[in-house]
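Copied over from Swiss-Prot, here are the features:
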BINDING   Ser109, Leu110, Leu111, Pro112  (6S)-5,6,7,8-tetrahydrofolate binding site
Amino acid sequence: MRLVFLGTPAFAVPTLEAVVRAGHEVAAVLTQPDRPRGRGQNPAASPVKQAALALSLEVYQPERVRRPEPVEFLRGIGARAMVIVGYGQIIPQNVIDLAPLGIINVHASLLPKYRGAGPIQWSIVNGETRTGVTTMRIDAGLDTGDMLLKRDTEIGPEENAMELGARLAVLGADLLVKTLAGLEAGTIVPEKQDDSQATLAPLLKKEDGRIDWAQPALAIHNRVRGLQPWPGAQTTFRGQPLHIWKSRPVTAAQAAAPGAVLRTRPLLVASGEGALELLEVQQEGRKRIPAADFANGQRLTENEKLGEGHL
């Protein structure tokens, strides 16, 4: 099938590679323009651009896909379908209408749950134990289009957003190939989403990473897992930011105030319910280290408090 692929992040790369392996003709790959990255702020290609070039595919990087030139570019390709995975721009109706089989999206949730930009992260933060991927035809709404196929999977109790994202990217790639085959054969019956069951997964903000020690330890642990790599789960230590990379909830009977250090070996911090064992932390401007090394190096004492002061 003659296709156009639209995508930008690493999550989209397995789908692009799977589509090519399946024998589809990818006539063009649209991805976001090169953006400044790193300390030197030098323009860097997106993961999808890098993958497309490695596959010898044509790459097109319009600033705005809704402008006349990109629309005419896409019209001239004459693709039967388009595939979109994390492209990063809203697709206007006049572009949606160009592909006879529609624009097919891989979304990292079991729609209609977790519509939006952060389904992987929010599913973990909210303590979900199962999630999955959905292929759908996009429409003018936010992840509201007709569903095509789904595949579910368990979320591991210690799995973080990066690990889950890598797994869902592979699941989504396989599901997308099956979706294209089903559309071509006419065996897929699109299913309307039940808006009454919809939940949202909004774009992450830096303040989402702030730890509220009054929450149960399990909820804080889920935030630590879910918000990696950005914005990350953060608290304060002696008035300075402290990033928590790994943790473990502990059932502990204690009367200490939330945020108080209960023990230093292992490093246990009181929460609204139970305690959180810190396993790996990072002070601002320093490397990630085991929490035991942090406690020793800072001469941490019991009853010191985390979370005091502003991030």
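Every residue gets a Cβ built from N, Cα and C, even glycine.
Annotation for Pro112 ((6S)-5,6,7,8-tetrahydrofolate binding site): same-chain Cβ neighbours under 8 Å, separated by at least 6 residues, are Asp143, Thr144, Gln193, Asp194, Asp195, Gln197, Ala198, Thr199. For the (6S)-5,6,7,8-tetrahydrofolate site, the Cβ centre of Ser109, Leu110, Leu111, Pro112 serves as reference, and the other residues of the chain with Cβ at most 8 Å from it are His107, Lys113, Tyr114, Arg115, Pro119, Gly132, Thr134, Asp143, Met147, Lys150, Gln193, Ala198.
Ser109 ((6S)-5,6,7,8-tetrahydrofolate binding site) counts 24 other C-beta atoms within 10 Å of its own C-beta, drawing on all protein chains shown. Within the same chain, residues at least six positions away from Leu110 ((6S)-5,6,7,8-tetrahydrofolate binding site) with a Cβ under 8 Å of its Cβ are Arg130, Thr131, Gly132, Val133, Thr134, Lys150, Asp152. Shown in sequence order, Thr134, Met136, Asp143, Met147, Lys150, Gln193 are the residues of the chain, 6+ apart in sequence, with a C-beta less than 8 angstroms from the C-beta of Leu111 ((6S)-5,6,7,8-tetrahydrofolate binding site).
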